[in-house]
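Data first, discussion second: the structure below is written as structure tokens.
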Amino acid sequence: MRKKVDSRIRDVIERAVQSHHRAMIVLVGDRGKDQVVNLHYMLSKAAVRARPSVLWCYKSKLGFSSHRKKRMKHIQKMVQRGLLDRNAAQEDPFELFISSTEIRYAYYHETQNILGNTYGMCVLQDFEAITPNLLARTIETVQGGGLVVILLGNMASLRTLYGMTMDAHAKLKTGAFGEVRARFNERFILSLADCSAAVVADDELNVLPISSHIRGGGAGPAPKVGRPRTKDDLELEELRGTLKDTYPVGALVEKSRTVDQAKALMTLVESISEKTLRSTVAVTASRGRGKSAALGLAVAAAIAHEYSNIFVTAPSPENLRTFFAFLLIGFDAMDYQEHTDYEILRSTDPAMEKCVVRVNVFRGHRQTVQYIDPVDASKALGQAELVVVDEAAAIPLPIVRAMLGPYLVFLSSTVTGYEGTGRSLSLKLIHELRARSGSKVSGNASVGRVFREVEMETPIRYASNDPIERWLYDVLCLDAGSSKKGGTSGNLRHAAPHPDQTSLYLVDRDALFSHHRASEAFLQRVMSLFVASHYKNSPNDLLTLSDAPAHQLFVLLGPADIKTAKLPDILCAIQVCLEGRISKQSVLSSMSRAHRAAGDLVPWTLVQQFQDAEFAGLLGARVVRIATHPDVQRMGYGSHALQLLIDFFSKKIPHLADVSSTEANGSSVAEAEDEEVAVGDNVLMTEEIAPRTKIPPLLKRLTEITPESLDYVSVSFGVTPELFRFWKSAGFLPVYTRLTANDLTGEHTCIMLRIGEASSANQVWLNAYYQDFQKRFTSLLGFEFRKFPSSLALSMLDEGNGFSEERGEEKIEGTILPSFLSERITPYDIRRLETYAKNLIDFHVILDLVPEMARTYFIGGLSRELHLSAVQRAILLSFGLQHKTVEQVEQDLGLPVSQILALFNKAVRKLAHRLSAEEEKKLEKDDEDTGARESVANEASPHSSSKERISSLPGHLQRFSVVDDDHEWSVALAGEHASGNVPGTVSIRKAGIDVHGAGEDKLEFGKDSRGQKDKKRKRPR
């Protein structure tokens, strides 16, 4: 049955096509999939161009076969069973749509492969599997004039989404905290009412009245007039005219769409024309700005400049579709002919869908543009002249850093943050390249280079001021760090107060994600701090902050201004996660199966490390992230906020009211409002969706909250010297460092603990953990930790604030030096050390002794007795524990080799003197023990004294041992007491050995037990 479609839906689609913006349709109902055909038809009719391509993303089951032959077989079976009419099957609109439309099907977990591609329509089904990361990846692939369709299941009310359990919630639950509140879904639905290009309808395309601009009937279609020429259009036209006769850049600039893209292309071509192979160009922008297209045109210019070996890398060959497409467009602009001047090679892997992986050019000489996997890139770039890294933010930072070499490098990346490491590229790698630009340091290919930065702001994939882009950036806080939003790039609105005048508040998350105007502004400011201060950000962090039951948010604010009645600036923000209280049975079961549950990062890691099941039962608070406003960094606000947080959990801050749950009020209000919708009533067409009217206060003072009784406070971070010093100064002790580096940042994860209020009386377990960490860390310094700076390794081994008396912990007494001397060092080794200390032998002669001396010094307690300077300790650690060469120590410490060896010689001199003194003490003690034994022997009976002398003979004489008799010993020794001399011969029956006295020159063997007499043998003394 035909039905007239609501004109408001058609108006939204036509307006989007004419303004080159995007539109979004949210369909509620189980049959929404059938309406995709009608929406695609309306889009094709309004666009008046080729049928738009479709990106269809789903969780696991598509609901129909994407394979044409399988689909036809299924239809035939249905016809044979009589369940489907053959004519109806042939005229089924959905089947015609599937057969005649270019559709790219993608699982949600494979959406990283679509980065860099462009589609005319995007369909997202299985709403429960959607995450903020997936929303950002998929929606941003739609071009201007395109359409985004989100399919929701059948429901009686949109408020049902408020309590929907998402797939991502399974990772947010823990053993002790399992109740998840879907605040993100509520905010997502409410945000649709603020988007002028979003329409929410049922599966029959009846518009739901959830926003004012839809209820009013819409504003009607936009007038069909040409887009007015802007200042940028005139500048681009002037630039094209200037470069018209310049080859090849003139022909390539003609293909540029915006001034930003043209200027970026000119910068890239300028680096190519220099041919110094010592330049790095970084192109950064938000999505849809034409970065990949500019790179493709620039590589075409590199071919014209006779570059032979060009390598291109990206997370997947599918990410390079746009790059290779514009490379071929550049060839056409330069009059290159396929098959005559170049050939295209495509992948034979079915999973890559015939992506271009290589272009061979043979117009003048052999030239190649080759795709290479990022993992293998650093090993295969020996002959490279130009390396292009597209979508660099989606590639782990260590791999991108390893690609920098003695060739021209182009980097392109999105920095809005949703790809996970976008901030890592901008905050770390680009900062390093900017700092090293033009510096001259030997032995490093990434320095001594010319570094250029190019930013592209004008969108190309869609027109400026796109309402879908604005909505997406607002709901996911993707643009939180921009100065345009009043983020961290702007200055503080008020003067920075003294840290003592600030206060720490707990943020109520029900109020923060309620979608009120004030709470939205506050949320954007909080996220701007996190985005600016951390380089591992993604929109999924927003989902964790909103829905995770164990997470809490604290902010440090200055004194409020009563006159303005506005919130003061956020000086510092801290996100905290409660962990632990895992049942012992669960821990033992997981350990036996080598399986760990989601969440509880610190408990599961340390249980696996120390095999201590009791630790998982403790309750701790992990500092997930702490961020300070860039304008007031290094002014003490972060340390002050952290100290206030520790005091709060240590119950040093008095509370005025007993509130057991920090968010109990908000939850009760939410449940009360949810009950307003009667069960079973279908109010979808009549309900008014608006922000809650009853919400708790946004901020709560710490004096109004009763904190949990914690056993410890923990932190897990990628260890760097600066971060480690910060946490160590706050009283945290390292107990774990991951041996393998993080795949995204290349840093080693470090876990540090601090005793909490509940375990303040029993701190022995933390001391034991720290001592075990010192022992393990010392042993592993020669392996993966060998690349640590010696200053960082020294700081991690140094007790410093670790075993302080003010926390009541016991210090280690004594050293292992005596056992070290007796087991591992000899007097000859001490003489070698003394000789080296006098500069009489080479450094390598004592190299075998350095590791044992270093272990004795750092973990044997010798460091408390023997004072070495910081540089001497760093040198001893580098040589003895990290096994570095002199050249590596020179690069690490920045000191000349001669000074390093001189300082090491002084350290060895002190150690040799200490070892020599210990050896003398040992010899004196041995002499004293020998004298004491002799005096005891003299005081003993002659009988026992003589027996002990016989029994103390060396081991090779024990074969002459005899079975003695007390009576015979008394008779044999009777002459010794009478005359003072031992008789010449002592006859013993068992072995028949005659032992001559001191005055005899020989041993006389007497008769044996059978009465036979042996021959006499003479033996020299």
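Including glycine, each Cβ sits where the backbone N, Cα and C put it.
Remember, TrEMBL labels are computer predictions, not curated facts.
Now, the feature entries from TrEMBL:
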- G288, R289, G290, K291, S292, A293, A294, L295, G296, L297, R461: ATP binding site (BINDING)
- I626, A627, T628, Q633, R634, M635, G636, Y637, G638, S639: acetyl-CoA binding site (BINDING)
- 997-1012: compositional bias 'Basic and acidic residues' (COMPBIAS)
- 1-201: domain 'TmcA/NAT10 N-terminal' (DOMAIN)
- 283-479: domain 'TcmA/NAT10 helicase' (DOMAIN)
- 525-754: domain 'N-acetyltransferase' (DOMAIN)
- 765-933: domain 'Possible tRNA binding' (DOMAIN)
- 918-952: region 'Disordered' (REGION)
- 997-1021: region 'Disordered' (REGION)
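Among the binding-site residues listed here, namely G288, S292, A294, R461, G288 has its C-alpha nearest to that of T628 (acetyl-CoA binding site). Put simply, of the binding-site residues I626, R634, G636, G638, the one whose Cα is nearest the Cα of R461 (ATP binding site) is I626. Within the model, the domain 'N-acetyltransferase' (525-754) shows a mean pLDDT value of 83, rounded to a whole number. The Cα of G296 (ATP binding site) lies closest to that of I626, out of the binding-site residues I626, R634, G636, G638.
Proximity of G638 (acetyl-CoA binding site) to non-local residues of its own chain (separation of 6 or more, Cβ distance below 8 Å) is seen for C572, I626, T628, F726, given in sequence order. Looking at G636 (acetyl-CoA binding site) and G290 (ATP binding site), their Cα atoms lie 42 Å from each other. Cβ neighbour density within 10 Å is lowest for I626 among the binding-site residues A294, I626. The local packing around S292 (ATP binding site), expressed as other Cβ atoms within 10 Å of its Cβ over all shown chains, amounts to 26. Cβ-based crowding with a 10 Å cutoff singles out R461 as the top-ranked of the binding-site residues R461, R634. The Cβ neighbour count for G636 (acetyl-CoA binding site), using a 10 Å radius over every protein chain in view, is 15. G288 (ATP binding site): 22 other CB atoms within 10 A of its CB, across all protein chains. Note: the Cα of G288 (ATP binding site) and the Cα of R634 (acetyl-CoA binding site) are spaced 37 Å from each other.
Within 8 Å of the centroid defined by the CB atoms of I626, A627, T628, Q633, R634, M635, G636, Y637, G638, S639, the record's acetyl-CoA site, lie the Cβ atoms of L571, C572, V632, H640, A641, excluding the listed residues themselves.
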